[in-house]
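The next block holds one structure in the form of structure tokens; read it before the comments.
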Amino acid sequence: MCGIVGIVSTEPVNQQVYDSLLLLQHRGQDSTGIATADGSTFHISKAKGQVRESFRTRDMRTLLGTMGLGHVRYVTRGDAANEQEAQPFYVNAPYGIILVHNGNLTNTRELSAALFNIDRRHVNSTSDTEMLLNVLATELQAQIPSPELDPDQVFAAVSQVHRRVEGSYAAIAMIAGHGLLAFRDPFGIRPLILGRRTADTGKDEWIVASESLVLEAGGYEVVRDVAPGEAVFITMGGELFSRQCAVDPRLVPCSFEYVYLARPDSIMNGISVYEARLRLGNRLADTVARHTPLGDIDVVMPIPDSSRPAAMQVAQKLGIEYREGFYKNRYVGRTFIMPGQAERKKSVRQKLNAMSSEFRGKNILIVDDSIVRGTTSKQIVEMARAAGANKVTFSSAAPPVRYPHVYGINMPSRSELIASGRKIPEIGRELGADHMIYQEVADMKDAIIEGSSVTELEMSCFTGEYVTGTVTPEYLEWVERTQLS
Ligand SMILES: O=P(O)(O)OC[C@H]1O[C@H](OP(=O)(O)OP(=O)(O)O)[C@H](O)[C@@H]1O
Ligand SMILES: NC(=O)CC[C@H](N)C(=O)O
Ligand SMILES: [Mg+2]
């Protein structure tokens, strides 16, 4: 998962893009980039690291123009250490296109062969995003381009992208001298939302972004989520065109957005992330009550930050006191989305510390939103014991993560997943907990979609069922061999 934003404004756009990226920082911490369009000239600035440390005043000054886009990256494919692979990516023909992408393509092997052998395009990185951009460029070129690009040609090219590309992609591109294009894969796995505000001049200004909180903060009204398979094209003058470009679109959004990735104050596909987390807590409370004599628990405790809403609700529903025993260092980022296990492991200790007064002699029910590698939970249990806890019950508001995630979250290999091939009590033993409780898959699904018009969720890391056809056992094996860890 990465964070993306695109803006067509009537004023210089650089600061707005920067501010939006700062609000999306929780979606990616590896690198970041901004591009703006000043007439038909692009200005680009990208670097490793987080938004605050990456853009200097001198970089911002070069980012001229009233149309722009930005990206915060959490690497899923390609090289995390290589600054060249930071987004956005650029191609000079046709027109000049610059693109940002959230998601992960699952047919990169086929794509790279076709791009090289048939389209005669050179992709100079291992990034799937550069492939997506080159497929879009090839298909736009095939529309017999004239200097006057019209929206029909843009939409025809996106239809071709949907035919050729598999996996997840929410993407935003600028086409030099023409406008801003945003599109979402036919399953709408990754999020994308459209907003509008009226400038003092009375003209429309537009934004597309990964999360609604960016719209709210910028004073934009939410127009709607970009539909699965849909493309939106906004001219540099602010005129908006949209079209369904997929043959058989189906909304199957990623469940992990609601469990962990998205900010709780966002509304995604009509579902409030915060309320979904409260409902996950409610359901988890029922499961806890079925598995544990409640008299055995003295306090309910969250692992900051993401599990707070769920833990609050578990405590309330069970009528057990809610206490915060782990203090969080706000200057350490999210550990799960850091690249490399060594850094993730070290950061948990730097990030969280247990206050003994909340633990001594007590039976604790710890609630985390999810357990993936167990990096966090293992150290949490150790800390709770060292702080004097009597019994530690560990619970997860999401079901066991047993399968790789191939749609934009970096969990490629089964061997690193603590729940892979283990039964729940074994996982508990592995973590050092006295008792282990997980949300049921059906409860997670119901909790997330309750009260909304969403009927399906992408839950492959919990169920092993993948919505895109190309994810075969052979593909998963290849991913395990070749991707990041
Ligand atoms: O089992 P693991 O591999 O450790 O991954 C799961 C943990 O990582 C995430 O926290 P993170 O620190 O990334 O972010 P948060 O502060 O938003 O909870 C998540 O909330 C879990 O606590
Ligand atoms: N997490 C993401 O959305 C990653 C986007 C893209 N696959 C990359 O690695 O840069
Ligand atoms: Mg956490």
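Cβ atoms are placed via backbone N, Cα and C, with glycine included.
Any TrEMBL annotation is an automated prediction that lacks curation.
According to TrEMBL, the protein has these features:
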ACT_SITE  Cys2  active site, nucleophile
BINDING   Ser306, Asp368, Asp369  Mg(2+) binding site
DOMAIN    2-237  domain 'Glutamine amidotransferase type-2'
Neighbourhood of ligand 2 - binding-site residues from Ser306, Asp368, Asp369 with Cβ under 6 Å: none
Distant-in-sequence Cβ neighbours of Asp369 (Mg(2+) binding site), under 8 Å, six or more positions away: Val259, Tyr260, Arg277, Leu280, Ile303, Ser306, Ser307, Ala310, Ser396, Ala397, Ala398
Between Cys2 (active site, nucleophile) and Asp368 (Mg(2+) binding site): CA-CA distance (Å): 22
Rounded mean pLDDT for the residues that make up the domain 'Glutamine amidotransferase type-2' (2-237): 95
